[in-house]
Ligand SMILES: Nc1ncnc2c1ncn2[C@@H]1O[C@H](COP(=O)(O)OP(=O)(O)OP(=O)(O)O)[C@@H](O)[C@H]1O
Ligand SMILES: CC(C)(CO)[C@@H](O)C(=O)NCCC(=O)O
Ligand SMILES: [K+]
């Protein structure tokens, strides 16, 4: 049994996997919650499972990952394996000249998407604390990507830097708002949708056919429902990639 862990800037998400079964995703907020280690301990003890491998993807501080590694050692006497972005793996080539600077969540989402949907161009979207969009050709060449603030960060930047926009975060209901909170919701939603749709258009030109849009992340469903172009939502895309990353046959060439 493997325990796969994705540490984002807002939440820690985890999934138990063995050869045949993947558990549903579980998550807890670690930001501003110093007791997250004891909450994790309760959650993992109650799973009544003993992992033989613990794999970690971390884009938060190393302090969070270190505390988690201590817990894993205390519970099961295991060292965690920490994934990182690379030049090449599993048929995917990274466009970054310094791949170690890319967030590993982006790299793993690309590996996961390529494993599932290789053979067509892909546009991989992770809608979390930040929103990332990355384009892969049908042959697995990463063409590059974009990073923008996620839904909550976009809202908070407005709430924190204006006098007359109160801190009220709503889901967007219509394209155009008719009061402040709905205008913010519409603006934030359209910023994300516009970024993805524009990238899809440019990627279609660059790749010669319409890419499949693979979406993951806490705000993924909401983003997908606003897109005109077809998309698939894969909540455990980063875990698919982490599982692939840890497989012995996927040694980095
Ligand atoms: N309790 C919560 N606190 C803050 N945001 C939350 C909470 N629950 C859900 N969210 C939503 O989840 C989004 C973050 O999604 P997700 O959990 O995928 O990101 P993350 O893993 O924490 O961040 P990232 O991986 O981008 O660093 C936020 O934009 C917010 O809308
Ligand atoms: C962009 C985020 C925050 C998304 O989780 C993460 O992938 C990250 O911290 N990336 C490092 C910068 C980069 O990917 O170029
Ligand atoms: K993420």
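Note that the numbers count up from 1, one per residue, in the order the chain is shown.
Glycine is treated like the rest: Cβ placed from N, Cα and C.
Summarising the annotation, TrEMBL assigns active site, proton acceptor to 105. Neighbours of residue 105 (active site, proton acceptor), defined as other CB atoms within 10 A of its CB across all chains, total 27.
What TrEMBL records for 6, 7, 8, 9, 10, 11, 12, 13, 129 is ATP binding site. Same-chain residues at least 6 positions away in sequence with a Cβ under 8 Å from that of residue 8 (ATP binding site) are, in sequence order, 59, 60, 105, 128, 129.
If you look up TrEMBL, you'll see 96, 103, 104, 105, 106, 180 marked as substrate binding site.
Secondary structure at residue 126 (K(+) binding site), taken from DSSP and collapsed to helix, strand or coil, is strand. Cβ neighbours within 10 Å of residue 126 (K(+) binding site), excluding its own Cβ and spanning all shown chains: 30. Residues or ranges marked as K(+) binding site by TrEMBL: 126.
Closest by Cα distance to residue 106 (substrate binding site), from the binding-site residues 6, 10, 12, is 6. Residue 12 (ATP binding site) and residue 180 (substrate binding site) are 32 Å apart (CA-CA, integer value).
If you compare every pair of Cα atoms in 96, 103, 104, 105, 106, 180, the residues listed for substrate, the longest distance is 40 angstrom.
The number of other Cβ atoms within 10 Å of the Cβ belonging to residue 96 (substrate binding site), over all protein chains shown, comes to 16. Calculated from their C-alpha atoms, the gap between residue 104 (substrate binding site) and residue 10 (ATP binding site) amounts to 15 Å.
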